[in-house]
Each structure stands twice: as structure tokens, then as C-alpha cells.
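Now, the feature entries from TrEMBL:
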REPEAT    1-37  repeat 'Solcar'
REPEAT    53-141  repeat 'Solcar'
REPEAT    151-237  repeat 'Solcar'
Amino acid sequence: MRQEGMMGFYKGLSPAIIRHLFYTPIRIIGYENLKGLIVRSDANNGESLPLATKALLGGLSGVMAQVVASPADLVKVRMQADGRLVSQGLKPRYSGPVEAFTRILQAEGVKGLWKGVVPNIQRAFLVNMGELACYDHAKHFVIDKNISGGDNIYAHTLASIMSGLASTTLSCPADVVKTRMMNQGEKGVYRSSYDCLVKTVRFEGVRALWKGFLPTWGRLGPWQFVFWVSYEKFRQLAGLSSF
């Protein structure tokens with residue numbers, strides 16, 4: 001706040017929005033379609049799937065979405081990390097997302113846009129295991145146990161809180177690895193996501209894998225609440241069934 005002002009908190013906003021234009025629809029639609037395929041071929045004829053099955057489907061849908069959205073995620077991470085250069089009185093590497101995409105292409109090639117894609121999809125698998133599967137399962141649990149009094153905003157809120165906590169807990173280690181891999185630039189200190197994981201634990205301890213847990217939860221928690229409550233409402237207004 002002191003060094004960059006209020007807008008310093010919104011660095012990387014434009015590539016983050018671009019990322020979600022691809023990432024969120026693909027994972028949500030992917031999860032529902034994958035679940036629909038299993039339900040149609042399932043002998044229980046639509047009864048609730050086991051949590052483990054939902055977790056696997058959530059993870060797979062997250063992987064598909066993240067592969068497509070990874071370049072925008074890379075630009076977002078790089079632009080956010082430029083705040084350290086500004087705090088040292090240096091010029092940021094990129095003035096905007098277009099310049100970031102262009103310079104990465106010129107310096108690192110097309111493959112450079114997918115730098116960190118492996119830890120990125122690992123994180124996406126874990127996030128969506130926690131987010132999609134947990135929300136789906138928690139909402140039906142809350143409704144079935146009559147905790148919320150029906151499929152309403154109270155059920156959606158409780159399920160989104162559980163989803164935010166689960167996705168943060170599962171994804172934080174992969175998030176640490178992903179961010180370090182994507183932010184190391186052309187000459188990195190880590191050869192792979194496994195190498196980054198090993199070096200982080202060796203030099204900083206296991207707790208370092210959950211470094212930034214509270215700010216991560218501070219981002220994912222409100223995101224889960226706003227997304228799921230509004231998404232359920234939009235589905236209702238469109239005449240669609242609940243998620």
C-alpha cells in the first residue's frame with residue numbers, strides 16, 4: 001500500500017480475468033459432463049456418486065482447463081512478481097499483459113508460455129478435487145441432513161465455505177511449487193517441479209509447502225462463496241437444475 005498504492009493489490013488482474021474466461025467454463029462444464037457420463041452408465045441410475053469418484057472427475061476437469069489457461073496464468077504470476085522490482089526502485093519487466101505475452105514469446109518461444117505447466121496442472125488437479133468435489137458432496141450432505149432447510153442460499157454458502165477450506169489445504173503445496181517454477185524466468189534454479197519440491201522441503205522444511213496458507217485461503221474462500229452462490233442463482237434464473 002505504501003509503495004504502490006491501492007492498485008498495487010490488483011497487479012496481474014487483466015491476465016487473471018483472461019485466464020478465468022477459459023479456465024472456469026472448461027472445468028465446470030467438464031466436471032458436469034464427466035459426471036453425467038458415469039451417472040448414465042451407472043447401475044444406481046443417478047444416485048450420488050462416491051466422494052472419491054467426484055474427486056477424480058474434479059481433478060481431471062481442472063487439468064483440462066489449466067492446460068488451456070496456463071499461458072495467462074504465467075503472465076499473471078510474472079506481473080504480480082514485478083512488485084518486488086518496483087519496491088526496489090527498478091522498472092517492472094512488463095507494462096501490461098500484451099507486452100508480457102509478446103516478450104515471453106520472443107525470449108522463450110511458444111513453449112515458454114507453458115513454463116510451469118506441470119506444477120500448474122498438479123495444482124489444478126488438487127484445487128478442483130477440493131473445490132468441485134467438496135462443494136458437490138458437501139451441498140448434497142447439507143441438503144440430505146436437512147441442515148439448511150433445502151437447496152437454498154444457506155446450503156450453497158455452507159458448501160462453499162467447506163469447499164474453500166478443502167481446496168486451499170490440498171492445493172497450497174502445489175501452489176508454492178507452481179509459483180516458484182513460473183516466476184524463475186529463463187534461467188531457473190529448479191530443473192522440474194519435483195526438484196523444486198525436494199529443495200523447498202530440504203532447505204525450508206515441510207511447513208514451507210503451506211507458506212502463504214492464510215492469504216491463499218483469503219483469496220480462495222471469498223472466491224468460492226461469490227462464485228458458487230452467484231452461479232447457483234444464475235442457473236436458477238436460467239431455468240437449469242441446481243449444480
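Keep in mind that glycine also has a Cβ here, set from the backbone N, Cα and C atoms.
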Remote residues contacting the repeat 'Solcar' (1-37) - C-beta distance under 8 A, at least 6 residues beyond either end: 49, 54, 57-58, 60-62, 64-66, 68-69, 72-73, 75-77, 79-80, 82-83, 86-87, 96-97, 100, 124, 128, 132, 227, 231, 243
PLDDT averaged over the residues of the repeat 'Solcar' (1-37): 86
